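> Below are the structure tokens for one structure; questions will follow.
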Amino acid sequence: MRPPWCPLHTPSLTPPLLLLLFLIGGGAEAEGPEDPELLVMVRGGRLRGLRLMAPRGPVSAFLGIPFAEPPVGPRRFLPPEPKRPWPGVLNATAFQSVCYQYVDTLYPGFEGTEMWNPNRELSEDCLYLNVWTPYPRPSSPTPVLVWIYGGGFYSGASSLDVYDGRFLTQAEGTVLVSMNYRVGAFGFLALPGSREAPGNVGLLDQRLALQWVQENVAAFGGDPTSVTLFGESAGAASVGMHLLSPPSRGLFHRAVLQSGAPNGPWATVGVGEARRRATLLARLVGCPPGGAGGNDTELVACLRARPAQDLVDHEWRVLPQESVFRFSFVPVVDGDFLSDTPEALINAGDFHGLQVLVGVVKDEGSYFLVYGAPGFSKDNESLISRAQFLAGVRVGVPQASDLAAEAVVLHYTDWLHPEDPARLREALSDVVGDHNVVCPVAQLAGRLAAQGARVYAYIFEHRASTLSWPLWMGVPHGYEIEFIFGLPLEPSLNYTIEERTFAQRLMRYWANFARTGDPNDPRDPKAPQWPPYTAGAQQYVSLNLRPLEVRRGLRAQACAFWNRFLPKLLSATDTLDEAERQWKAEFHRWSSYMVHWKNQFDHYSKQDRCSDL
């Protein structure tokens, strides 16, 4: 999930470097015209792949495999249709187009943003998937990992360099699949009740890809009875929604949710808000022609006639208020794919026997602050004033009432240093990260564990030596992915030897989980053990260059505030407008008193005092 985006290269893998990788082993090797390892028969027809070199050996890659009919023209906004068979042999040797999306131009040329931007042409004809498999093909069925990218449901692509599957496939001998799915209005615009734009078609794209995996992955050496679905940010929220949707649940067997959860406050909207956003976008692009009026069919027909870029150019204007970590078109609680809110489905679900791995990074909120929080920029230390902190809380928790915002301020202020710019910067980062990622993930882990699931939890704490974001941002959202996918194994990317070893360890944890539902290595019982997360002990591990360290209570105090106290406070004061006004007045008096006391104490501390007492 990432705020606004700009294309076309991944700065960490610059064009000269990509050419070098291609020439000396990062690209395809010369193969005989019909290498049997690179010819596969799937239900749609025959495929020809290519052999790629990873640092320790070759893998087979089948890139740009169509799994759906192009969702263009009259198919815009509709559920995907399976790809019809093709004649002859289809070349699956290059990534295909990226789904049409907003492109980030806030920091042009900066590698920290460019690495997430589209690296292929934008098109609505984008429903393709990719398969990496060991070379030669496994002789016995091999566990399968299926990746869902993040990007706030408005951006992302399976072709990004950071999602290169060759390293994990070669190192661990697993089959890896990734797919494109529609994002933004193309994937999530919803007019609930309308057959023309039902919503959630991006999730249906993902489900169709999972069905394709069940039908075809055995041809690549994969085991369709051992499929692990994993994703990050909006990809993790998507994984969670498939867990909560019965037609999806039978298509995979284990789940990994990295820095995201379906119960996050940004991850879904209700039917009323979904319709409001859809009709507002329509008005912004001049639909229906002639102004107000018209039915859903006419409105959708008009929207289908608009150029794709028109929809992208206006989609951010449908949000109800200024915010960070909120996205225009997201999954809708439609009564179909999601029969109820994620929170209700999690509370009511039966998760006995489910195996889940969940986690967060150390500084989940920092990335989003440079996309709209007052006083923040990647180009300075972002040392904010108290006024900017207070304003930042309102954009960081945009749906909060005045009472809720005051409670957030009270909880996150260091009252011994209420005006300290660095502490205020860290506090706002924690507000955004805890509210949107850490505490929804912790809540999900606890509920799943309490209902019989076997859960493992982590916090990723290593800041990559190659990271281009400023130091104050710490370990930002999304920057564990390069280690999970094994990019440090590529020597030309200039990671340290320690980071290479660390990446190998993480790939082993993820692959072990895909194989057995347990990240621990049964071949190394003397290694530090990763214990399951339970609702009582709440054990999780820290992932960094040091050996595993077991801890308890992932941001427990902060998450008690978000998951327990704040909902009860708001419920208890729902109709108490006068009480809220009185509480605010008392709070402001107390807050002013604390600031005054601190100033007086600092003044006193600087005075000369009797040295002979």
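Keep in mind that glycine also has a Cβ here, set from the backbone N, Cα and C atoms.
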> For CYS287, what is the disulfide-bonded cysteine listed in Swiss-Prot, choosing from CYS302, CYS439?
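As annotated by Swiss-Prot, the paired cysteine is CYS302.
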> Based on what Swiss-Prot records, which one of CYS439, CYS610 is disulphide-bonded to CYS559?
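Swiss-Prot annotates a disulfide bond between CYS559 and CYS439.
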> Per DSSP, CYS126 (disulfide bond) is which: helix, strand or coil?
coil
> Return only the integer: C-alpha distance in Å from CYS559 (disulfide bond) to HIS477 (active site, charge relay system).
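Distance between the two Cα atoms comes out at 18 Å.
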> Highest Cβ count within 10 Å among the recorded positions ASN91, SER233, ASN295: which residue is it?
SER233
> Hey, what's the Cβ neighbour count for ASN494 (N-linked glycosylation site) at 10 Å?
11
> Measuring CA to CA, name the entry from the active-site residues SER233, GLU364, HIS477 that ends up nearest CYS99 (disulfide bond).
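When the Cα distances are compared, SER233 comes out closest.
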> What count of other C-beta atoms do you get within 10 angstroms of the C-beta of CYS439 (disulfide bond), across all chains shown?
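Around CYS439 (disulfide bond), other Cβ atoms within 10 Å: 28.
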> Report the nearest neighbour of CYS126 (disulfide bond) in space among the active-site residues SER233, GLU364, HIS477, comparing Cα positions.
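Nearest in space to CYS126 (disulfide bond), counting only the active-site residues, is SER233.
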> Far apart in sequence but close in space: which same-chain residues, 6 or more away, have a Cβ under 8 Å from CYS287 (disulfide bond)?
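LEU299, CYS302, LEU303, ARG306 - these are the non-local Cβ neighbours of CYS287 (disulfide bond), listed in sequence order.
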> For the disulfide-bonded residues CYS99, CYS126, CYS302, CYS559, which one has the sparsest Cβ surroundings, going by other Cβ atoms within 10 Å?
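Least crowded of the disulfide-bonded residues CYS99, CYS126, CYS302, CYS559, by Cβ count within 10 Å, is CYS302.
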